[in-house]
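> The ATP binding site annotation in Swiss-Prot covers G14, A15, G16, K17, S18, T19, R120. If you look up Swiss-Prot, you'll see S18 marked as Mg(2+) binding site, on the strength of sequence analysis. If you look up Swiss-Prot, you'll see D36, R60, G82, R140 marked as substrate binding site.
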Amino acid sequence: MAEKRNIFLIGPMGAGKSTIGKYLSETLHMDLYDSDQEIERRTGADIAWVFDVEGEEGFRKREEQVISDLSELQGIVLATGGGAIKSPLTRNRLSARGIVVYLETPIEKQLARTQRDKRRPLLRTEEPPREVLTRLADEREPLYREIADYVVRTDELTAKQVATQIVELLGL
């Protein structure tokens, strides 16, 4: 790969962005970053705490800054948070600074992958998880598609197979 382009993974919670990102970075010998992990590193607190103390709006501002900073790097794989695309600024930066791959994942798969994960603030509500995920999908799906250079379904493949498919799609 002569020019090291960035690869940005977007999609809902439970899509496998972090795991698929790991395989992509290993295969392509690119550095891997995870925006949620970077927020935790910078704040010294976990995402749930940031949500509790600063609310979703405060978290999104931090996320916007982290993605702005990381997307300026070259030759990286970045796994974004599921709601990162809510910010027009973030959508513009991702589109302008790399290849955006939307990991499309049905609600059923998201439920199966997130049901035991207590670290997801948007699922820690009275609202049933299926309703939360459906509402988020309705809000975010158009935004994912708006900036996606590629759309890859993740429901029938392992994370490693999805990473291989992305490498083939990108011709890398």
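Including glycine, each Cβ sits where the backbone N, Cα and C put it.
Distances, neighbours, how buried they are, the whole picture for these features please.
The Cβ of S18 (ATP binding site) lies under 8 Å from the Cβ of D34, D36, Q37, A79, each of which sits 6+ residues away along the same chain.
Mapped onto three states, the DSSP output places R60 (substrate binding site) in helix. Less than 8 angstroms from the CB of R60 (substrate binding site) sit G83, K86, S87, each of them six or more residues away in the same chain.
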> So how many other Cβ atoms are close to G16 (ATP binding site), meaning within 10 Å of its Cβ?
24
> Around the substrate site recorded as D36, R60, G82, R140, what other same-chain residues have a C-beta within 8 angstroms of the site's C-beta center?
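Neighbours within 8 Å of the Cβ centroid, excluding D36, R60, G82, R140: M13, E63, T80, G81, G83, A84, I85, K86.
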> Given A15 (ATP binding site) and R140 (substrate binding site), what distance in Å do their CA atoms have, once rounded to a whole number?
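That separation, Cα to Cα, works out to 13 Å.
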> When you measure from the Cβ of T19 (ATP binding site), which residues in the chain that are at least 6 apart have a Cβ under 8 Å away?
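Sequence-distant Cβ neighbours: A159.
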> Look at the binding-site residues K17, R140 and tell me which residue has the greatest number of other C-beta atoms within 10 angstroms of its C-beta.
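The residue with the densest Cβ neighbourhood is K17.
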> Are there residues of the same chain, six or more positions away from G82 (substrate binding site), whose CB falls under 8 angstroms from its CB, and which are they?
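Spatial neighbours, sequence-distant, of G82 (substrate binding site): G11, P12, M13, A15, L136, R140.
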